[in-house]
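**Q** From TrEMBL, for reference:
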ACT_SITE  Cys49  active site, nucleophile
BINDING   Trp85, Arg117, Phe118, Thr119, Val120  glutathione binding site
DOMAIN    160-284  domain 'GST C-terminal'
ACT_SITE  Tyr183  active site, proton donor/acceptor
SITE      Tyr241  site 'Lowers pKa of active site Cys'
SITE      Tyr284  site 'Lowers pKa of active site Cys'
Amino acid sequence: MSKRFITSEVEKDGKFVRQENRFITPFGIEEGQLPIESGRYRLLWSPACPWAHRSVIVRSLLGLEEAISLGTLDPIRPDVERTDWAFTLDENDVDSVLKIHYISEAYLKADPDYKGRFTVPAVVDLTTGDVVNNDYFNLTKYWEVEWSKFHKAGAPDLYPVELRKEIDELNNIIFHEINNGVYKAGFARSQEAYEEAYDLVFNRLDWLEERLSLSRYLLGDNITESDVRLYVTLARFDIAYYNGFNLNRNRITEFPNLWGYVRDLYSQPGFGDTTDFDAIKKHYHLCAVSNNPYGLLPKGPDLAGWKEPHGRDKVNYKERN
Ligand SMILES: N[C@@H](CCC(=O)N[C@@H](CS)C(=O)NCC(=O)O)C(=O)O
């Protein structure tokens, strides 16, 4: 079994149950919350990771690059005893701002007794060097709501007040059945748990395929928070999950609406320019899956289709109800 997940994340029936986040203090203006200050925080990500990727997409769409700096971890894990992420893409293998080699250093600085996994995304407070937030589920919403005074002019409203209830409901479905659904299949430790997750994922993809025949994006003509969340899993599906996690009923390229939709997003700034297929392929096949003893990197899939016209801007969609 891969050493990636501590055994408490696999239940007796072989189901994978994700750990709770440890650093969940919200950003905000109230006492005890993380203050909203431009230049104070560094977001640590790896382009391989879907949870981190979405926080980087939203940062980019909203123009928060100046306000929140970015540290990038190598998609290939370091060969050390613990599971960690390393700054081996940087000069001298050190993050230029934090001056650390591994993400674990920032976690252990914040809490020397931290026993969880050292995960991306993580936000580090530059005044202390401590991880202060690794709440991947809510990070994008903090960027959207609490960081609004630093948004660029004309930034999209990814979390419009009138759609928040619908977005939250959809995000929950996307989380359990798509974003984390693929991991439930990939990290299952029993045939039943794997097949249950496989059905969960493909039933929901069928439902999304139908939904996207009715509108360009999940909630209509404008991109929202939910689209970012769906995008990160779709962008990894054919290259990583289809074979690495045995989710091989269909590729995304076989769903006409989902395939057009994901290419539509990919063609837009913030999405395609933060999507690193090479990093995704290497991380999943060489570091995340447990069924690749010889460390073989799949040669495909052919990615040329990603740049083909998507045609989604020309379609007249029926009203969604
Ligand atoms: N923080 C969340 C989600 C973030 C997450 O799982 N990130 C992955 C990369 S996609 C990670 O950093 N994993 C580190 C590890 O498994 O040791 C969690 O604890 O499950």
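In case you wondered, yes, glycine gets a Cβ from its N, Cα and C as well.
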**Q** Quick check: which same-chain residues outside Trp85, Arg117, Phe118, Thr119, Val120 lie with their CB within 8 A of the centre of the glutathione site CB atoms?
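**A** Neighbours within 8 Å of the Cβ centroid, excluding Trp85, Arg117, Phe118, Thr119, Val120: Thr83, Asp84, Ile103, Ser104, Tyr107, Ala122, Asn134.
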**Q** Which of these recorded positions (Arg117, Thr119, Tyr241) have a C-beta closer than 6 Å to some atom of ligand 1?
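**A** List returned for ligand 1: Arg117, Thr119.
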**Q** Pop the Cα-Cα gap between Arg117 (glutathione binding site) and Tyr241 (site 'Lowers pKa of active site Cys') into the table, whole Å please.
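**A** About 21 Å separates the two Cα atoms.
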**Q** What's the CA-CA gap between Phe118 (glutathione binding site) and the residue listed as 'active site, nucleophile' in angstrom, rounded?
**A** 13
**Q** List the Cα distance (Å, whole number) between Trp85 (glutathione binding site) and Tyr183 (active site, proton donor/acceptor).
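**A** On Cα coordinates alone, these residues lie 19 Å apart.
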**Q** Taking DSSP three-state, what's Tyr241 (site 'Lowers pKa of active site Cys') in: helix, strand or coil?
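**A** DSSP assigns Tyr241 (site 'Lowers pKa of active site Cys') to helix.
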**Q** Name the secondary structure element type, per DSSP in three states, that contains Val120 (glutathione binding site).
**A** coil
**Q** Which ones in the same chain are close to Thr119 (glutathione binding site), with CB under 8 Å and 6+ residues apart in sequence?
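**A** Counting only residues 6 or more apart in sequence, the Cβ neighbours of Thr119 (glutathione binding site) under 8 Å are Trp51, Asn134, Tyr136.
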**Q** Per DSSP, how many helix, strand and coil residues does the domain 'GST C-terminal' (160-284) have?
**A** 91 helix, 2 strand, 32 coil
**Q** Mind giving me a neighbour count for Cys49 (active site, nucleophile)? Other Cβ atoms within 10 Å of its Cβ, every protein chain shown.
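**A** Total other Cβ atoms inside 10 Å, all chains included: 24.
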**Q** Compare the Cα of Val120 (glutathione binding site) against each of the recorded positions Cys49, Tyr183, Tyr284 and report the nearest.
**A** Cys49
**Q** Just the number: how many Å between the Cα atoms of Tyr183 (active site, proton donor/acceptor) and Tyr284 (site 'Lowers pKa of active site Cys')?
**A** 11
